[in-house]
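J.: Once you've had a glance at the structure underneath, I'll fire off some questions.
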Amino acid sequence: MRQLMGVLQILSVLMARVTQSQPDIPQQLASSGVCPNNRLYDPVSEKTYTIPETMVGQLFSSPQVCLANGLPYVTLECIENAFYAVQWSRFEPNQGCNFSDMITSSATASLKKLSSMDFIKESRTALYSTLLLIQDANNTLSAVDVIHITDIIQLSIAGSSRILNMDAKLVLDVTDIVLQVKDSILQESRRIGNATNRLIESLELLGDRTQVGKNHNLRLVKDSIALEVWDLTHMSGDLVIGLEHRLTNGVSSRFLRSDNLFTLLENDELDLNDTDVAIFLPGEFLKNVTEENPDQEVRLSMGVFADTALFGSGSLESRLPDKSGSHTLNSKVVSARISVNGTPITDLAGYNVTTVFLPHQTLTGAQHVRHTRCVFWNFDGAGGQAAWSDKGCTLQDNEFGKDVCQFNHLTNFAVLMDLYGQSELSEDHQRALSIISIVGLSLSISGLSLTVITFLRISKLRQGRRQQVLINLALAMLLSWIVFLGGFARRVHGNHVSCLAVAALLHYLILASFMWMLMEGVLAYLMLVKVFDASYSRFMVKAALFAWGLPIVPVAGVIAIDHELYHGGEKYCWMSRTPFYYAFLLPVAMVMLTNIVVYILVVASICRRRGLAAKASRSASSQRAVEIRASLSCFVVLGLSWVFAFLAIEDARVVFQYLFTITTSLQGFLIFLVFTARNADVKSFLRNLTVSRNPSTSTTTSSGSGSSSKAAVGTSTSRVNLGRK
């Protein structure tokens with residue numbers, strides 16, 4: 001029996017080795033309860049780790065951590081497998097720091113090597129070498145480079161309880177160069193390695209750990225960033241409560257200057273006329289902190305960011321009504337941090353910190369109150385993503401053109417402005433445009449509905465290509481306006497999913513309408529400019545595939561990238577700004593440009609036919625009426641009223657928004673008037689309905705109908721009057 005048991009144990013070990021995913025990590029029998037020591041090479045950190053003997057159920061974690069996600073490069077567990085042998089768990093490299101497939105530069109390899117140094121002993125060497133490297137390569141730095149630079153700064157600060165002034169200056173020198181990197185690269189480094197947020201946090205920690213010297217204060221100023229630190233414990237006289245950066249000759253400078261930085265003391269008065277940006281805390285609160293911690297070091301660290309690239313695009317937390325990215329930083333960023341023996345204080349115990357900002361772009365009156373937000377940089381935003389938040393932030397006043405904000409906590413502060421909001425009209429104009437839109441779209445929906453019903457009811461109207469294109473255009477517009485009125489403005493009442501569906505459907509239907517307007521333009525060009533017979537092979541099949549199918553591409557693209565991009569408006573179910581530009585505005589602009597060219601060519605062709613009309617003994621006034629009707633018909637079906645939307649900018653936006661709203665909302669109704677109500681076959685159909693109800697007038701009415709039909713056919717073959725069949 002003992003021999004049998006021995007065979008079974010040996011067999012279990014052999015089977016375990018067959019299934020073991022890491023053959024270079026040995027295992028032992030379960031009776032030992034210990035995984036053997038070993039050496040393991042990690043391709044991500046490019047290090048070999050010595051793994052000690054470890055008990056079953058315990059973990060081995062490498063001392064080196066991937067700073068991008070805060071996890072060890074190597075984590076292994078000593079486990080017992082299915083065959084009662086102990087072994088190390090499967091090794092999976094930490095992909096959070098795996099940048100092998102990313103774009104690199106000539107400095108990447110050196111920066112990665114520097115980030116692996118012993119920072120307890122060589123932080124200054126690493127910082128100085130980094131500075132020399134990136135001074136020559138700042139225009140070619142990649143996102144991976146920014147991540148490695150951030151690692152170097154983070155390790156240099158975290159690895160030292162006291163940082164010398166020279167090292168602190170090196171940190172700001174390096175950071176100032178990083179801020180000159182393209183915004184897109186900085187945002188990529190933030191996405192894949194959380195670099196920008198880690199850099200901001202490192203700068204906050206720098207204020208806690210830098211030696212301040214005998215004067216108990218330190219000031220470091222670069223073009224893009226400034227840091228001032230005070231040891232409040234050993235101060236005498238008036239207490240330091242804040243920091244101000246003043247204007248240069250009454251103008252806000254892109255760069256920070258030490259001469260423009262002023263320390264604010266408890267009894268100082270702040271002259272808002274000269275203030276560019278400022279932050280100050282209640283003196284009573286600071287006194288309480290120092291008195292409650294008499295034997296400990298109380299520090300006040302304050303910073304100013306002239307270049308705000310580290311804070312990203314200015315998007316807001318999703319808890320706010322609009323997370324579309326339609327807000328932008330409208331000021332410099334200022335920060336304050338109080339720490340006791342290196343531990344930050346965030347609770348102001350009922351006190352408020354006050355900030356003053358000079359907005360980059362100025363709004364006035366109700367627009368200012370409505371679209372300006374005081375915000376702070378929340379490292380623990382929704383979904384674990386850092387973002388601007390207005391929690392605990394209040395816009396107190398606007399004095400001398402400066403926004404005065406109050407916050408009940410400490411961090412990085414700024415003022416954001418809604419880019420959509422800055423171009424909004426007054427309440428009266430908005431109300432008037434809303435009424436015009438509702439009335440016009442209601443008329444258009446009625447007219448388009450009658451057009452669709454009439455074309456479906458009268459088979460003769462569906463025979464020509466122009467009529468078939470027109471019915472598709474009418475159907476697309478009808479559906480889009482129904483969705484617009486029924487769902488577009490229902491965001492506050494509807495749920496999240498339905499709003500996304502409305503936005504995506506509206507996007508598709510409006511683009512489909514424009515595609516059919518383009519088909520109208522193509523057909524008009526072929527008939528009136530090229531003067532070819534429009535009997536092209538399977539024209540309508542190709543047109544339908546193009547006009548109904550192509551709009552699916554941008555809609556599917558937006559959904560594939562991020563369906564939340566269809567949740568972009570505060571009041572409306574519509575897309576956010578970036579996809580609006582590329583997935584809507586760009587294709588619409590291309591169609592409009594094409595149709596403008598077609599319109600010019602068609603009108604020129606109509607005018608050239610004036611001589612032919614004269615020979616046919618048509619009067620000049622009659623000819624002009626025909627030309628005007630044809631031009632109007634072409635203008636309507638080509639959707640050229642949308643040109644007014646592109647012209648609604650700056651001071652002219654009020655006039656052009658009215659023109660756009662009136663003409664576009666009535667476009668469907670004009671299609672009904674021009675192409676349906678005036679159509680001879682429609683009139684004949686209505687007369688026949690009248691005849692069936694009044695037989696006594698059947699002969700006269702029938703004769704009239706016949707002559708009308710002949711006149712309509714004659715007009716159609718002349719290819720001049722687009723207002724008739």
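Each position is counted from 1, following the chain as shown.
Every residue gets a Cβ built from N, Cα and C, even glycine.
If you look up TrEMBL, you'll see 1-21 marked as signal peptide. The domain 'GAIN-B' feature in TrEMBL is assigned to 252-423. Feature annotation from TrEMBL assigns transmembrane segment to 432-457, 469-489, 501-527, 539-561, 581-607, 628-649, 655-677. Per TrEMBL, the feature domain 'G-protein coupled receptors family 2 profile 2' maps to 433-679. Residues annotated as region 'Disordered' in TrEMBL: 693-725. Residues annotated as compositional bias 'Low complexity' in TrEMBL: 696-718.
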J.: Among 432-457, 469-489, 501-527, which stretch has the highest count of C-beta pairs below 8 Å with the transmembrane segment (655-677)?
T.: 432-457
J.: Short question: which residues 6 or more past the ends of the transmembrane segment (469-489) have a Cβ under 8 Å from it?
T.: 438, 441-442, 444-445, 448-449, 451-452, 455-456, 461-462, 498-499, 502, 505-506, 509-510, 512-513, 515-517, 519-520, 523, 540, 543-544, 547-548, 571-574, 637, 667-668, 671, 675
J.: Over the domain 'G-protein coupled receptors family 2 profile 2' (433-679), what does the predicted model average in pLDDT?
T.: 79
